[in-house]
Structures are given as C-alpha cells and as structure tokens.
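For reference, the structure discussed in these notes is given below.
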Amino acid sequence: MQKTFTALFLVTAVFVNVNAFEPFTEARKVLAEIVKLGKTTYSFFQESCDDSWIDFNSTGLQVDLEQKFFGQHIASKVLLKAITDFANNKTPKKPLVLSLHGLTGTGKSFVSQLLASNIYKKGMSSSFVHQFVATVHFPYSSEIDIYKTQLQQWIKGNVSSCARSMFIFDEIDKMPPGLIDSIKPFLDYYDNQDGVSYRRTIFIFLSHAGGERIKQVAFEFWENGKDREEIQLSDLEEKVPLEVFNNKYSGLWHTSLIDKYLIDFFIPFLPLEYRHVRLCALAEMAIRNMEPDEDIADKVAKDMMYSPQEERVFSSKGCKKIASKLVYYK
Ligand SMILES: Nc1ncnc2c1ncn2[C@@H]1O[C@H](COP(=O)(O)OP(=O)(O)OP(=O)(O)O)[C@@H](O)[C@H]1O
Ligand SMILES: *[C@@H]1O[C@H](CO)[C@@H](O)[C@H](O)[C@H]1NC(C)=O
Ligand SMILES: *[C@@H]1O[C@H](CO)[C@@H](O)[C@H](O)[C@H]1NC(C)=O
Ligand SMILES: [Mg+2]
C-alpha cells in the first residue's frame, strides 16, 4: 500500500513540474527529488538501526512493569535498573547479560516482551530482536558443533549490522550442554572482535533453573507469616547461581559464564499466588475488550492447580493457559 501511495504522489509531482518548467534540466532535478523522497519514505516504513527505531523509554517500562507485571517485585526492580543504567551509558564496557530464572508461567517470556517493546518501536517483531528457543533451534545434542558455528555466525552477523541488537535465549536449561559457552567471547570485556563491538548488545537467558529453590525460599517466607514483598534479592542471589551451576540440566552447568562473572544480573521470578492469577485473568479480559468480571476471575483462579499439596499457595503453572480458560467460562 505504501508503495502505491508514493508512486501516485510522485507521478503527480513530475507532471506539475515538467509542465511548468524547461523540460530536461527540470526533469533531472525532479528525478533527484523523487529518489530523495523515495528514500525518506522507505526509511519511514523500513526499520533501521537508529534512534528513530531504537529508543529506550524508561517511563514506559516502569509503567508497564507496575501495571502489567504481577507479583514480581524483585524482578521489576532489578530489570528496570539494569536496563536504564545500560541504556544511559554511552560507553558500556561489555554487553548487558541478564539471566532470568523461575518456574513455568511466572512471566519470564512476558517480561522479555515488555522490555523489547520499550526499547524497539517494533517490539518483538523488530528485526533487531532475535529469539532462540532451545527445543526449536537446537533440538539435537549430536549436532552441537553445527549449532555452535551457526550461532556464532548469526550473532556476529546481526551485531555487525546493528550493535543495539537483543538476543533472547529461551529454555536454556534444554540446550545441549556446552552450547551456551560458544557465545562466551561475545559477552566478555573486549573492545571489539574482528571489528565488531558487542558492547551495546543485550543478551537475555531464560530458564527454569533455580526455580524450585526460589519457590522454597518463597514458601519459607509464607510459612513464617512474612510478607512476600519482604523477600529480598539477597535472600535468593547467593543460592540461585550455586544451584544453577551444580544442576546438570540447567544448561549453564559448569559453564565458564558463571565462573567469569559474565552474567551481570541473576533475576529470580517468584512463584505466583491465587491473587496474581486473578489479576492475570482480569488483565486478559481487558486485552480482549471484555467487561472485567471478578467472578469469572475467581473461577479461573480456582480452577488452577496449587502447590504444595496441602497448603496450596503457589499456582503450579503460574499464569499459563489463563487465556484458554477464559473462553471456557465466558
Ligand atoms: N508475573 C506476571 N504478570 C503478568 N502476567 C503474567 C505473569 N506471569 C505470567 N503472565 C501471563 O501468563 C502468560 C505466560 O507467561 P510466560 O510465558 O511469560 O511464562 P514463562 O515464565 O515464560 O514460562 P515458561 O518457563 O514455561 O516459558 C504470559 O503471556 C502472561 O500473559
Ligand atoms: C514512553 O512511555 C510513556 C508511558 O507509556 C508514554 O506516555 C510516552 O509517550 C512514551 N514516550 C515515547 C517517546 O514513546
Ligand atoms: C541473524 O539472526 C537470524 C536468526 O535470528 C539468522 O537467521 C540470520 O541469518 C542472522 N543474520 C546474519 C547476517 O547473520
Ligand atoms: Mg517462557
């Protein structure tokens, strides 16, 4: 559609100009104008690696985290600070490397979308945001050597065309052990490698590793009658990396990423409670332009499984599958 629009506009412009002035030189000038206008129109629609398409909105992220992201006071705080500091730093010494940990349905993929949409105008569909899902992109352990080469080429290729790229690695606990180590050189404190600098790039790792341990800590707080919001990063920080490191299936198993402190932030996601599932249901209704219905929200939340078996505090699937349940109760 945009092409037709431009073409029509240009044809009109040529006619007007050619009729009014001496044909040849004027026609050439008009031609130059057409090329210029064409370029402007093109860059208006076509995503490019500059501030018009990549511009971190700190307020936007803050508002999104406050209004759309439930029950994750630690993750909210750490993410906002990490991204804001990184975006404001004109000469970062290394790329930003975030590792998000938590059980299923607690919002790891969801918050990655919020981050992307407050950095890139096109959000997750930006051509500078690259998502790799272990079971989709790297399913066979036997192919690890091919994956390693491919992954390194992709990252290098993409960062050399846009330094402010974002790479999201989902399900790293399901990646063939050792694969993640192949991207280590990109995460380190180097000025540049083969003329490519990775210092403005963001890497995000998502995994379940450490999730059970986080849940244990959250449960201890609950058992002792303490407020969930009292849980501090320090209550989890020391324990999570250790567990991740020692868990053979974490995808980060004995990886030198952790040894060398190349991961800037470990970000724990707490298991969600009944009240958060209710909020997820209400949020989903708003997205679908439905009237907010507290009764349906209650029904949806009641329909989820909770653990531990007796106390039933944490939703076993977090806020996953809420959307499909809504349809059922409507
Ligand atoms: N903390 C949260 N706040 C608001 N919505 C949430 C939250 N957690 C989950 N949701 C909702 O539930 C859906 C599923 O969550 P999401 O895919 O982010 O989970 P996940 O942590 O990535 O799980 P998995 O580890 O299985 O990939 C999201 O699309 C979102 O709508
Ligand atoms: C940043 O986000 C805020 C809150 O969502 C919004 O009002 C504002 O228009 C955004 N700014 C830009 C430049 O997009
Ligand atoms: C960029 O990454 C994508 C995968 O997201 C890959 O298909 C593509 O080939 C990469 N581009 C370059 C130039 O390497
Ligand atoms: Mg996910």
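Glycine residues also receive a Cβ, built from the backbone N, Cα and C atoms like all the rest.
TrEMBL entries are annotated by machine, without manual review.
Annotated features in TrEMBL:
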{"type": "BINDING", "residues": "Gly102, Leu103, Thr104, Gly105, Thr106, Gly107, Lys108, Ser109", "note": "ATP binding site"}
{"type": "DOMAIN", "residues": "272-329", "note": "domain 'Torsin-1A C-terminal'"}
{"type": "SIGNAL", "residues": "1-20", "note": "signal peptide"}
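Features per TrEMBL, on structure.
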residue: Gly102; record: ATP binding site; Cβ contacts under 8 Å, 6 or more apart: Lys108, His208, Gly210, Gly211, Ile214, Pro268, Phe269, Leu270, Pro271
residue: Leu103; record: ATP binding site; Cβ contacts under 8 Å, 6 or more apart: His208, Gly211, Glu212, Ile214, Lys215, Phe269, Pro271, Gly318
residue: Thr104; record: ATP binding site; Cβ contacts under 8 Å, 6 or more apart: His208, Gly211, Lys317, Gly318, Lys320
residue: Gly105; record: ATP binding site; Cβ contacts under 8 Å, 6 or more apart: Leu272, Ser315, Lys317, Gly318, Cys319, Lys320, Lys321
residue: Thr106; record: ATP binding site; Cβ contacts under 8 Å, 6 or more apart: Gln72, Gly211, Phe269, Leu270, Pro271, Leu272, Gly318, Cys319
residue: Gly107; record: ATP binding site; Cβ contacts under 8 Å, 6 or more apart: Phe69, Phe70, Gln72, Ala75, Phe269, Leu272, Gly318, Cys319
residue: Ser109; record: ATP binding site; Cβ contacts under 8 Å, 6 or more apart: Asp170, Leu206
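Annotation note: Ser109 (ATP binding site) sits in a helical segment as assigned by DSSP. Other C-beta atoms found within 10 angstroms of the C-beta of Lys108 (ATP binding site) number 26, with every protein chain shown included.
Compute the center of the Cβ atoms of Gly102, Leu103, Thr104, Gly105, Thr106, Gly107, Lys108, Ser109, which mark the site for ATP; besides them, the chain residues with Cβ within 8 Å of that center are Phe110, His208, Gly211, Phe269, Gly318, Lys320. In the three-state DSSP scheme, Thr104 (ATP binding site) falls into the coil class.
Less than 6 Å separates the Cβ from ligand 1 in the case of Thr104, Gly105, Ser109, drawn from the binding-site residues Leu103, Thr104, Gly105, Ser109 in sequence order. By the rule that a residue counts when its Cβ sits under 6 Å from some atom of ligand 4, the binding-site residues Gly102, Lys108, Ser109 yield Lys108, Ser109. Averaged across the domain 'Torsin-1A C-terminal' (272-329), pLDDT in this predicted model comes to 93. Residue counts of the domain 'Torsin-1A C-terminal' (272-329) by helix, strand and coil are 31 helix, 5 strand, 22 coil (DSSP-based).
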